[in-house]
Amino acid sequence: MAFPYMEAVVGFMILMYIFETYLDMRQHKALKLPTLPKTLEGVISQEKFEKSRAYSLDKSNFHFIHEFVTIVSDSTILYFGVLPWFWKKSGEYVTTVGLNPENEILHTLAFLAGLMIWSQITDLPFSLYSTFVIEARHGFNKQTPWLFFRDMVKGIFLAVIIGPPIVSAIIVIVQKGGPYLAIYLWAFTFGLSIVMMTLYPVLIAPLFNKFTPLPDGQLREKIEKLASSLNFPLRKLFVVDGSTRSSHSNAYMYGFFKNKRIVLYDTLIQQCKNDEEIVAVIAHELGHWKLNHTVYTFVAMQILTLLQFGGYTLVRNSTDLFRSFGFDTEPVLIGLILFQHTVIPLQQLVSFGLNLVSRSFEFQADAFAKKLGYASELRSGLVKLQEENLSAMNTDPWYSAYHYSHPPLVERLAVLDEPDKKND
C-alpha cells in the first residue's frame with residue numbers, strides 16, 4: 001500500500017498551525033500586559049509603551065485572521081487536488097495559444113504565471129489592509145496607493161524577466177543531471193545567489209529606492225574612522241530613502257571581498273539625533289563582519305541547500321509521491337514543490353536551530369560593540385530603535401524562542417549591563 005503523502009503533509013500543516021496558534025495566543029496575552037517589563041521601567045516612556053502595545057495588538061489580531069485564511073486555503077488546495085487540476089488547465093492554455101504542451105518548460109511557465117496571478121489576487125487585500133490601515137493608523141505608512149501599486153507592478157515585471165530563465169535552467173539540469181544532479185543543482189543555485197547578491201544592490205534595489213552618498217560631516221567621518229580601525233574595506237556609504245514608504249528604520253551592509261558598502265535608512269538618521277548612537281549600531285553590524293557571522297551563515301545555508309537537493313534526488317522519481325497528490329505525470333517543478341511540502345517537519349527544526357544561532361550571533365555582535373567602547377551608545381541606540389519602531393516591549397519566552405532571530409530588547413540590555421554590574 002502506497003504511503004499517504006498528501007494526507008500526512010496536510011495533517012502536519014494543520015498540527016503546525018495549531019501549535020503556532022498556541023504560541024501566538026501566548027504572545028497576544030503578553031502583549032496585553034498593562035505594564036512594562038521591570039528592565040525597561042524608566043527606560044521606555046509610558047507614552048511609547050502604550051503606542052507600542054496598541055500597534056503590536058493590532059498586528060497580532062491581523063495575524064490571527066491571516067494565518068487562519070492561509071491554512072484553510074493551503075489545505076484546501078492540497079487536499080482537493082487543486083494543484084493537479086491547475087497543472088492540467090495550464091497545459092490546455094498552452095495548447096490554446098498554439099504552443100506545444102509537451103514542452104515541459106512552456107507548460108511550467110504557464111503554470112507559474114497562473115500561480116503568480118492567483119497569489120497577487122489573494123495576497124492583495126491583506127497587503128492593502130496591513131499597509132493602509134494598520135501601518136497608517138500607527139503613523140508608519142508613507143506610501144501612496146500609486147507608489148504601492150507601482151512597486152507591485154515593478155515586482156511582477158522583475159519576476160517575468162528573471163523567473164523564466166531560472167526555471168528553464170533548473171528543468172534542464174534535472175532532466176540531464178543524472179547521478180550528480182544534487183551537485184549540479186547546488187552549483188547552479190550557488191552561482192545564482194552570487195550573481196543576485198552582486199546585481200541586486202546595483203540594478204534591482206535602485207528601482208524601488210533612491211540611494212545617495214552620506215553627506216560629508218561628523219557622522220560620515222566617525223563611521224569611516226570606525227571602519228578603518230577594523231580594516232573594514234568600506235568603499236561606499238549610502239543613505240536610502242526608506243521614509244518614502246515607512247517610518248521604520250534600519251541599517252545594513254553588503255558586498256564581496258574588498259568592495260563593502262554600508263546603507264543607512266534616512267529614518268535612522270532622523271530618529272537617532274546622537275551620531276554616536278548610529279555609530280554604535282554600525283559597530284554592532286561590523287561585529288557580525290569581524291566575527292565572520294555572515295560567512296558562517298552563508299556556508300551553513302549552502303550545506304543545507306546541498307542536503308536538500310540530495311533529498312530531492314532520492315524522491316523525485318517516486319511515482320507514489322506524485323500519485324498521492326493527484327498527478328499522473330512527474331513534472332520537475334511539481335516534484336520540487338511536493339518535496340518541499342514533505343520536508344516541512346525538518347525545515348521547522350532547521351529554522352528553529354538557525355534562530356538559536358542567529359540570537360547567539362546578535363549577543364556576540366553586541367559584545368563586540370561594547371568592547372570597542374560603545375556600550376552606553378549601543379544601549380541608548382537599541383532603546384531608541386525599539387521606541388521609534390514601536391516594537392513589542394513584552395514578549396512571551398516560548399514565542400520568542402521559536403520565532404525571533406534577534407533577542408528581545410530586555411535580554412540584550414540585560415547582557416549589555418551585566419559586566420557593568422559585576423564591575424560595580
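Using the three backbone atoms N, Cα and C, a Cβ is placed for every residue, glycine included.
The following features are taken from TrEMBL:
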- Glu285: active site (ACT_SITE)
- Asp366: active site, proton donor (ACT_SITE)
- His284, His288, Glu362: Zn(2+) binding site (BINDING)
- 27-210: domain 'CAAX prenyl protease 1 N-terminal' (DOMAIN)
- 214-419: domain 'Peptidase M48' (DOMAIN)
- 6-23: transmembrane segment (TRANSMEM)
- 68-87: transmembrane segment (TRANSMEM)
- 155-175: transmembrane segment (TRANSMEM)
- 181-203: transmembrane segment (TRANSMEM)
So which of the recorded positions is most packed in, judged by how many other Cβ atoms lie within 10 Å of its Cβ, out of Glu285, Glu362, Asp366?
Asp366
Residue among recorded positions His284, Glu285, His288 with Cα closest to the Cα of Asp366 (active site, proton donor):
His284
Sparsest-packed of the listed binding-site residues (His284, His288) - C-beta count within 10 angstroms:
His288
Taking the recorded Zn(2+) site as His284, His288, Glu362, identify the other residues of that chain whose CB atom sits within 8 Å of the mean position of the site's CB atoms, giving them in sequence order.
Glu285, Gly287, His293, Phe361, Gln364, Ala365, Asp366, Phe368, Ala369
The domain 'Peptidase M48' (214-419): mean pLDDT?
89
Using C-alpha atoms only, work out the spacing between Glu362 (Zn(2+) binding site) and the residue listed as 'active site' and round it to an integer in Å.
9
